[in-house]
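S.K.: Once you've had a glance at the structure underneath, I'll fire off some questions.
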Amino acid sequence: MNIKRKPEWLRIKLGEGRNLNYVKGLLKKFSLNTVCEEANCPNQIECFSKKTATFMILGSDCSRSCGFCNVSHGALQPIDPNEPENVANAVAELGLKHVVITSVTRDDLADGGAQHFADVVNQIKSKNKETMIEVLIPDFQGNKEALQKVVQSKPDIINHNMETIPRLYPEIRPKAEYVQSLELLKNVKEMDPEILTKSGVMVGLGEGEEELIEVFKDLRGSGCDFLTVGQYLPPSTKHYPLKAYISPEVFERYKEEALKIGFSFVASSPLVRSSYNAAEALEKHEEMKS
């Protein structure tokens, strides 16, 4: 397959965009960032049109520069003390039933921004009693005390993405550690078994199928409940190069394998991103329990 030419299954239908400007205006009003825009997510038009967004806290610049990521890594900004309340107000104004909170990585902060995550969760809960809260967190450099702050705020889901297979970490996530990320997910379950955990991987980076299945097994071994698998799309020619477009049939096979391994929900298709249709995983989990 010619990897320079995007296959048909990755061509996005723009759909209805009547709420796009409304959501963007709301974000500007509350001085908020979304990972949808910062990471140039292929689903942002659809999600904005449904009046949903994944809020990105702790500024718009990251302390790391992972090879796959489009988030900028310039001068790090002071934490905005009004951000927790602003996020909570935006959630209320949008009427969200499920909100995802993520962040840039802030290795410059003593707790990696963990207390700020907790403050955001608590503010959302105070103003939006029925909203389900998912946090997509960095690794906090393995700091268990920092992780405990997030866990104690009791979000419904804690997500931490593995991103790729361990062999590719030196190129894709040079400042992260594969085992440390697995330990984070395991530690969440040890700290609070009621919190659901989630992780995501990208494909098309040069991974082998057997290597990917081993990551699935490692994640389940760490107690991970939900899994997302999506196609890597390089943001620019300066980012890590695309090695392959993965067909929808292979994504379906990955989903079947992951479900056999024991995940309670798997989203696996070319345009899946870790926050895309995030509420669906929780709905499926509740159905399985009932």
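Note: Cβ is positioned from N, Cα and C throughout, glycine not excepted.
Take a look at what Swiss-Prot says about it:
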type	residues	note
BINDING	C36, C41, C47, S275	[4Fe-4S] cluster 1 binding site
BINDING	C62, C66, C69	[4Fe-4S] cluster 2 binding site
DOMAIN	48-264	domain 'Radical SAM core'
S.K.: When DSSP is mapped onto helix/strand/coil, what comes out for S275 ([4Fe-4S] cluster 1 binding site)?
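M.R.: DSSP assigns S275 ([4Fe-4S] cluster 1 binding site) to coil.
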S.K.: Using all protein chains in view, find how many other C-beta atoms are within 10 Å of the C-beta of S275 ([4Fe-4S] cluster 1 binding site).
M.R.: 28
